[in-house]
Amino acid sequence: SHAKEILHCLKEKYFRELQNLEVDGQKVEMPQSLSWYPEELAWHTNLSRKILRKSPQLEKFHQFLVSETECGNISRQEAVSMIPPLLLNVSPHHKILDMCAAPGSKTAQLIEMLHADMNVPFPKGFVIANDVDNKRCYLLVHQAKRLNSPCIMVVNHDASSIPNLQIDVDGRKEILFYDRILCDVPCSGDGTMRKNIDVWKKWTTQNSLQLHGLQLRIATRGVEQLAEGGRMVYSTCSLNPIENEAVITSLLEKSQGALELADVSSELPGLKRMPGITKWKVMLKDGQWFEEWKDVPSNRQTQIRPTMFPVKDEEKLKAMNLERCLRILPHHQNTGGFFVAVLIKKSPMPWNKRQPKVHQKLPQRTGDTELTATNSDNGSDCITEEPILAVNEESKKMEGLQNLGTEQSKKEGVCGPPPSKKMKLFGFKEDPFVFLPEDDPLFLPIQKFYALDPSFPKMNLLTRTQEGKKRQLYMVSKELRNVLLNNSEKMKVINTGIKVWSRNSDGEQFGCAFRLAQEGIYTLYPFINARIINVCIEDVKILLTQENPFLTKFSSETQKKVKDMAMGSVVLKYDPNPEKPDDLQCPIVLCGWQGKTSLRAFVPKNERLHYLRMMGVEVFKAKKKEEELENKTEEEVQHKLAQTEDGMDVEDKEHDLVTKMEAEIGEESSQSPVESSAMETENKTEDLDQSSKNATTHISKESKGTDTSTVKD
């Protein structure tokens, strides 16, 4: 519903303002919708980044794009890279694996498809987004976090050997097979040459020869983990057949009929495409061409592999239906070049049809049970895997005391980082994911204060601290909890869960130490039965434009509701009125705080601007005023600090030193002793959170000589 409102706002306001506009003597072209993308939800603009940033006439439009992108309401993406998620045909109950997911634009599309029905807070499906590069994983987290979904998990593995995961099905452990897999493999990127100057300098035929093996291994690992009847989309931003049709041909040959190419010619009408090719040659760096494997001299057989050549047998070739692949050429619709193939799995892969007896002797050593799960090519056949799982009890006894610790932590719902030393060699050591025990005293006051529905899945609440005060509470879907609890040893999880509550020391005196967090409010709202204030559109405008408005400024209905309510965190709900079509037509849920005489909203800055835009409030000028306001409050803070400096004790000075160091490192100091504004503070804490544990580690490393725990706090 929010997407439709943004579209309405774009068409009626921003695009109209671009009409007849001239920049540097040139008429601005109007943005066009992509004809093949459903419901006009994708648009194309010819404005270059430089013009958008530099020209004052476009400043308003540019600010709108930046702000809405930060909120997760708009994503900027190459048009053709939007195609693979659309061809996956995702439904909300699908278990999805995105094998090479960073930077995360396609992952964002997948999350959006899971939440097709906004009334369902927890879809049954989920997305596991993987990337081999630890740093790029954090980029992925940032992209996914904008969508505030409890159904996404970011993991860090080599896609070609991503481990089999186990899940608990009615008390039985089973291997997790995915309904949908997106396999957007690393490629030479020659299809991006119109926007990527590097390709012209660095391109050689060697690129694709080096990547072919990796691409084939990743695609093979993908189809192994695909459920029967499931769909896998293989894609590259290259037009080289060595990276495209050669990989698909080899995969189809190996599968012996277990896989087939889907005919997607009727999907995405309006998209201009070319069929896959069936004949190609292989070229070396020095310009030598080869038509068949037998022509390759033995000293070149490490560079060129037999899987790179087309199939010569006409019948075999015909049965493969390679023409069902999609080739998108740049000049057809002003895009990048792209290749897509949609595969459907009809039966288990031939190398997975092993006899179960092989596994009978496995429980002799602890390591072996792990090995089967990780290294066996897949066990698409459930029977294959069952014997190991059946003797689980026995193997547990044999593991004895050495495993007692991990068993204990599992019972406590702790999902720590993988224990192997190898894992710690790259990337940051992540904090564990600790699920709240059922009898945790922390939860009772929360349940009482917000009158949570009995159906609230409290088992899915987790924190990232094993000892000490729990500062944030996160929430995952039931299905992801299952994945987390059963695979913590073999999987490096970077991030999962959506923040739903934050500790607030002021709240304790009012009966609840945790206030609601805006990013999780749409997930949480259906379960909350108390502390809800229904507000009209005028009230929403006041809440979002004024810093800490007095209750007297609100409508009489709102004032009546607030009268009988204790101080503390509240939910502010706006429901659209269909009889007033000019008003905002999508529901809004905001987190707020009710004071003695005032009512304020706790909403991050960009989100606040988003809602105001949707209500037709001009935020362009408001932003400049806001900056002046911020500068003023900062000056006041400095002045007050100067006054209190003399009376500080040693501990305070230490704290101040840490704050200064944080500011130098480039983090906005969220420990400012005076709260400049509710919304700003919320925004800063949100931002700090979003930079995840990664940033925390950086701070700890860089602030040498200070007490790291203080910095973390």
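A Cβ is built for glycine as well, from the same backbone N, Cα and C atoms used for every other residue.
Feature annotation from TrEMBL assigns domain 'SAM-dependent MTase RsmB/NOP-type' to 1-346.
Sequence-distant contacts (6 or more apart, same chain, Cβ under 8 Å) of Lys106 (S-adenosyl-L-methionine binding site) comprise Ser81, Met82, Pro84, Pro85, Asp98, Leu182, Asp184. If you look up TrEMBL, you'll see Cys100, Ala101, Ala102, Pro103, Gly104, Ser105, Lys106, Asp131, Asp158, Asp184 marked as S-adenosyl-L-methionine binding site.
The Cβ of Cys237 (active site, nucleophile) has 23 other Cβ atoms within 10 Å, all protein chains considered. The annotation active site, nucleophile is assigned in TrEMBL to Cys237.
As annotated by TrEMBL, region 'Disordered' applies to 351-379 (among others).
The compositional bias 'Polar residues' annotation in TrEMBL covers 369-379 (among others).
Taken from TrEMBL, the feature region 'Disordered' applies to 627-713 (among others).
The compositional bias 'Basic and acidic residues' annotation in TrEMBL covers 627-643 (among others).
Here TrEMBL flags 650-663 (among others) as compositional bias 'Basic and acidic residues'.
Positions annotated as compositional bias 'Polar residues' by TrEMBL: 668-680 (among others).
Under the heading compositional bias 'Basic and acidic residues', TrEMBL lists 699-713 (among others).
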How many other Cβ atoms sit within 10 Å of the Cβ of Ala102 (S-adenosyl-L-methionine binding site)? 22
Same-chain residues at least 6 apart in sequence with Cβ under 8 Å of the Cβ of Asp158 (S-adenosyl-L-methionine binding site), in sequence order, are Val132
Neighbour count (Cβ, 10 Å) for Cys100 (S-adenosyl-L-methionine binding site): 23
Within 10 Å of the Cβ of Gly104 (S-adenosyl-L-methionine binding site), how many other Cβ atoms can you find? Include all protein chains, please. 28
If you pair up every Cα among Cys100, Ala101, Ala102, Pro103, Gly104, Ser105, Lys106, Asp131, Asp158, Asp184, the residues annotated as binding S-adenosyl-L-methionine, what's the maximum separation in angstrom, rounded to an integer? 20
